Amino acid sequence: MLKKLTVKDVDLKDKKVLLRVDFNVPIDKETGEVADDTRIKAALPTIKYVLENGGKAILVSHLGRPKGKKDPKYSLKPVAKRLEQLLGRTVSFVDDCIGEGAKKVIEAMKEGEVVLLENVRFYPEEKKNDPEFAEKLASLADIHVNDAFGTAHRAHASNVGVAQYLTSVAGFLMEKEIAMLGKAVANPEHPYVVILGGAKVSDKIGVITNLLKKADRILIGGAMMFTFLKALGKQVGDSLVEEDKLELAKEIMEEASKRGVEFVLPIDTVIAKEIEAGAESKVVRIDDGIPEGWKGLDIGPETIELFKSKLKGAKTVVWNGPMGVFEIDDFAKGTEEIAKALAELEDATTIVGGGDSAAAINKFNLADKVSHVSTGGGASLEMLEGKELPGIASIADADEKKNDG
Ligand code: AMP
């Protein structure tokens, strides 16, 4: 399995460390403050390690989509303030990520000090992975530590480009993501159960196709279940269906049966006419069909029991995508019960893919009851698709250890 150099493999004493973190956090429009600091907290172990080992931490990140130009809405300044509180030490904010200003501040840094550079996406060169821009970023430091798993599926200058000029090693968050997701893809313990939900089959085709080769069982919930159910000739009423994916849905089910993978679809669903809190809702069995004008918005109670029974004894579970419209409490029960079932599994490696399933497990306060909640939505999906991520490939392999590192 993928073995990468980590921050523990290199000498940090007195080194300027360009630490690519994922501080892409929501900012409260009214107060201008950080609305959710989960991602900042997730980077703390690596930041602290760098500081405790005599490094100078130069933090670089993106925030939002500023379209390649300066936009105060996307400034990282509020993040510096929050980070200061979390770290309990001064964080100097530099209002640029390259150039003389940044250089001057960095040259004056002492061991154990922290600088946060302004949003790297204020430059269009970041997303273009422009080599000159990457070189300018790299020239600020002696070593690159990549802890931004959420960006790992993108080849940008601050995560990938800089590795042309500096040795790039993984931070602790990146290391854990690679270990957990990598294991689920490369050599999972069996029985291996995959739970997929969310809005669209089309977003998860790559994941399904890859995991069909590895999993023993695939459980399908969320809106995507209706594309499969319709492909089987069931009446799905006004539920969300991707008409152009019906053929594909059939092929996937045939492939599962050929490979001996158990493909489990819901047997009942919670339906309503509107996707609204307080809307009239009822449970129908899939075999009885969903009437016109009604749509399925959650898995039903029998399905919850069925899925729970299918999770029993699992040694590896990967979950990606909510079972229903979990943002509305009326349709959140399926997602909550599956989250609980995961949390209760003993002796199993339980991995929750990023994005909405991570939001769901946090909503139910169960994040610390599973083995791993991925911090990357797109990146975790691409890992599960079995793809090589540019932001991981650029990190030095463990057998490439450099003498100067
Ligand atoms: P994804 O980003 O593909 O994981 O999809 C997550 C979204 O799917 C969430 O916002 C859910 O509200 C939505 N979703 C889940 N189940 C349903 C459903 N049965 N009908 C409509 N939307 C759904």
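Cβ atoms here come from the backbone N, Cα and C positions, even for glycine.
Annotations in TrEMBL come from automatic prediction, not curation.
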May I ask you to find which of ARG121, ARG217, ARG259 TrEMBL records for the substrate site already listed with ASP22, PHE23, ASN24, ARG39, HIS62, LEU63, GLY64, ARG65, ARG154? ARG121
According to DSSP, LYS204 (ATP binding site) sits in helix
Please name which of the binding-site residues listed here, HIS62, GLY64, ARG121, is nearest in space to GLU327 (ATP binding site), Cα against Cα. GLY64
Please report the DSSP secondary structure of ASP356 (ATP binding site), reduced to three states. helix
Count of other CB atoms lying within 10 Å of the CB belonging to ASP22 (substrate binding site): 24
Go through the binding-site residues HIS62, GLY296, ASP356 and pull out the ones with a Cβ less than 6 angstroms from some atom of ligand 1. GLY296, ASP356
